[in-house]
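Undergrad: Here it is: the structure, laid out below.
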Amino acid sequence: MPKVVTLPGDGIGPEVTAAAAEVLREVAPDVHIEEHAIGGAAYEQFGDPFPQRTRDALGDADAVLLGTVGGAQNSPWNSLPRPLRPESGLLALRRALGCYANLRPVRVLPGLEHLSPLKPELARGVDILIVRELLGGIYFDGDRKIEGDTAYNTMRYTTPEVERVARVAFWAAEQRRGRVTSVDKANVLEVSELWRRDVQALRDREYRNVHLNHEYVDSVAMLIVANPSRYDVILTENLFGDILSDLAAVIPGSLGLMPSASLGDGPGLFEPIHGSAPDIAGQGIANPAAAIMSVAMLLRHGLERPQVANQVERAVALALREHPTRDLGGQADTRTFTHAVLDAMGSPSVG
């Protein structure tokens, strides 16, 4: 029996995770779902944002479904020592799972083009997957320092680090439209020269059926807004991926529509990208679409059930058209939207 660990977390996390878990139970009744604490909620209960009992539960998990972590800006959690803050629990979780590749789909669903800040003709049909390296680069290198009026950080990658995340991108492209755009700054950065060399060599050895091109990060930052439909899979390192994925996140028009997956050698981590929204927590009005679409990614990448994942995505798209949530200009609350997704699963256009 497959095991999925749910970590509802803080703010609206428990509400959207409950909605997502309800959908998961409906479409995969054989899955054992086990709930554990993380973030501020875990600190309040156990004095640790990533308690040992949560860590232990991951050992035999097939996938992890995360809600949201953190509180308001004036939350007393922000006055805690940094290792005890909710966000430290999230970082510890990612380290424990060894997640080295983040997958961020950017899709404009049919009938929802009006939500995008782009013109409808630019937004229509956008379907991008950004694959970002998560554990290396300038964010994690230990060679860093502030000394008087001088500071430095080091961007460093090795061939094995580049190849393992590139394999994820090429594999994803094989399931999609067969095109990968590798993003770097090889005209000025030696680390990008290595990145470009290793990505190209891997493609030439193992993925000759995938079309690969290389583009500079500044060019992609412009073109992903001016002509987003030109991209299929975007592969990039940690810093560039952090910026590009947040830039692309505005294209669908709401963070409430954005799921994500983080993959590594262990169970994958699946989560909506939106924050904990403490201002609306407990009111039952949070949009659970991103959490439910994270379940679709979990089914596809964590449990290898792509057909069921496709059904969930189609059901969410139908529910969004017929029962939009309040953040999208509609009236549906969390419960109403979740039921709409479950009802849509029985629609001929979904099944």
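Placement of Cβ uses the backbone N, Cα and C atoms for every residue, glycine included.
Pasting the feature list from Swiss-Prot:
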type	residues	note
BINDING	71-87, 275-287	NAD(+) binding site
BINDING	Arg94, Arg104, Arg132, Asp218	substrate binding site
BINDING	Asp218, Asp242, Asp246	Mg(2+) binding site
SITE	Tyr139	site 'Important for catalysis'
SITE	Lys185	site 'Important for catalysis'
Undergrad: By CA distance, which of the binding-site residues (Arg94, Arg104, Arg132, Asp246) lies nearest to Ser79 (NAD(+) binding site)?
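TA: Of the binding-site residues Arg94, Arg104, Arg132, Asp246, Arg94 has its Cα closest to that of Ser79 (NAD(+) binding site).
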Undergrad: Let me know the most crowded of the recorded positions, choosing from Arg94, Arg132, Lys185 and counting other Cβ atoms within 10 Å.
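TA: Checking each of Arg94, Arg132, Lys185, the winner is Arg132.
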Undergrad: Taking 8 Å from the centroid of the Cβ atoms of Asp218, Asp242, Asp246 as the cut-off, which other residues in that chain fall inside it around the Mg(2+) site?
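TA: Checked against the 8 Å cutoff, the neighbours are Val217, Ala221, Leu239, Phe240, Gly241, Ile243, Leu244, Ser245, Leu247.
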Undergrad: Please report how many Å separate the Cα atom of Pro278 (NAD(+) binding site) from that of Tyr139 (site 'Important for catalysis'), as a whole number.
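TA: Cα of Pro278 (NAD(+) binding site) to Cα of Tyr139 (site 'Important for catalysis') measures 28 Å after rounding.
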Undergrad: Comparing the binding-site residues Glu87, Asp246, which residue's C-beta has the most other C-beta atoms within 10 angstroms in this structure?
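TA: That would be Glu87, with the most Cβ atoms nearby.
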Undergrad: Please work out the number of neighbouring Cβ atoms within 10 Å of the Cβ of Arg104 (substrate binding site), leaving out its own Cβ.
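TA: Looking across every protein chain shown, the total is 22.
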Undergrad: Do any residues at least six apart in sequence from Gly71 (NAD(+) binding site), in the same chain, have a Cβ closer than 8 Å to its Cβ, and if so which, in order?
TA: Asp10, Gly11, Gly40, Trp77, Asn78, Pro86, Ser276, Pro278
Undergrad: Within 10 Å of the Cβ of Asp218 (substrate binding site), how many other Cβ atoms can you find? Include all protein chains, please.
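TA: Asp218 (substrate binding site) is surrounded by 12 other Cβ atoms within 10 Å.
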Undergrad: Quick one: among the binding-site residues Pro83, Pro278, Gly282, which has the most Cβ atoms sitting within 10 Å of its own Cβ?
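TA: Top count of Cβ atoms within 10 Å goes to Pro278.
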Undergrad: Could you work out which of the binding-site residues (Ser75, Ser79) has its C-beta surrounded by the smallest number of other C-beta atoms within 10 A?
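TA: Fewest other Cβ atoms within 10 Å, among the binding-site residues Ser75, Ser79, is found for Ser79.
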Undergrad: What is the number of other Cβ atoms found within 10 Å of the Cβ of Tyr139 (site 'Important for catalysis')?
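TA: I get 15 for this one.
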Undergrad: What subset of the binding-site residues Ser75, Asp218, Asp246 lies within 10 angstroms of Lys185 (site 'Important for catalysis') at the C-alpha level?
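TA: Neighbours among binding-site residues, in sequence order: Asp218.
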